[in-house]
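One structure follows; several queries about it will come next.
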C-alpha cells in the first residue's frame, strides 16, 4: 500500500476556495430564494425575489454590492476544511480500493464519493451554519463571522453549530456521490473512446455534466437543509418552525407544493455548473505542478 498522498488534500482545498469565490453571489441568491415564502416563519414569509436575477439586482440595489458576498468568510473557511477533506479522502479511498485509475468502476467511485461527502460535511458543518445565517440576514443588521458564531453559540449552544448536520451529510452524500463519480466516468469515457484527449475541453465538458446531474439530485435536500439551518431555536430549546427534517419536507410540500422543493434550482445549477467547472479546471492544472 502506498503512503498517503498529500496533494489531493491541498489541491482540493485550493481549488474549492477558488471556485467558491467565483460563484458566491449565485449561492447567496439560492439561499435567499429557498428561505422565502415560509408560512410558519414571519421573518421569511414575504416573497421578496421573483428569481435569481431579480434577487441579484434587488440585493445589490437595496443592500449594496458588498452584500452579495455576505457570508464569504465562513464559506471560504468551509471550503478550506470541507473541500480539502472531501477531495483528499475521495482520492485516498479510491486508491485503497483499486491501485490504478484505469481499474476504477462506477460503483467504487460512488461508494468512495458517499463516504468522503459524509465525513467532510460532518466536520465542516459549523461553517455551513454560519454561512447560511449570514446569507439570510439583511446586511444592515448583520455582524461579522465571529459575532455570528458567538450569537449562535450563546443562544443555541454547541448543538446550534451542528444544526442540520444529518441533512448536510445526506446532501453531501448525494452531491459528492454523484458529482465526483460522474466527472471521473465522463472524463474516462471521453478519453478512452478517443473522442477527446486529457485536455481542458474534456475537463470542461465533464465538470458541466456532473454539475447538472448533481443539482437535479440534491436540490430537494438542499431546500430542507437550508430551512432547517436558518430557523432559530427558542430559549427553551424548541424550534419555532419545523420539528425535524421530515416535518420540514412535508410542511414545505403541503404548504407550498412539490416544486417548492426545487426552489432555487436555477441558481443552484448555475452555481454548481460554474463551481464545478472552475474547481475541476483549477484542480487539473494544480495536478500538473511538478512538486
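Backbone N, Cα and C atoms are what each Cβ position is placed from, and that goes for glycine too.
Below are the features listed in Swiss-Prot for this protein:
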- 2: N-acetylserine (MOD_RES)
- 7-96: repeat 'Solcar 1' (REPEAT)
- 104-189: repeat 'Solcar 2' (REPEAT)
- 198-289: repeat 'Solcar 3' (REPEAT)
- 9-26: transmembrane segment (TRANSMEM)
- 71-89: transmembrane segment (TRANSMEM)
- 106-124: transmembrane segment (TRANSMEM)
- 164-183: transmembrane segment (TRANSMEM)
- 204-224: transmembrane segment (TRANSMEM)
- 264-283: transmembrane segment (TRANSMEM)
Where else in the chain does the transmembrane segment (264-283) make close Cβ contacts, counting only residues six or more beyond its ends and a cut-off under 8 Å?
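Counting only partners 6 or more residues beyond its ends, the transmembrane segment (264-283) has Cβ contacts under 8 Å with 11-12, 14-16, 18-20, 22-23, 26-27, 29-31, 33-34, 51-52, 55, 87, 179, 183, 200, 203-204, 206-208, 210-212, 214-216, 218-219, 222-223, 226.
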Need one number: mean pLDDT over the repeat 'Solcar 1' (7-96).
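Here the mean pLDDT over the repeat 'Solcar 1' (7-96) amounts to 90.
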Which residue counts does DSSP yield for the repeat 'Solcar 2' (104-189) in the helix, strand and coil classes, in that order?
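Output for the repeat 'Solcar 2' (104-189) reads 76 helix, 0 strand, 10 coil.
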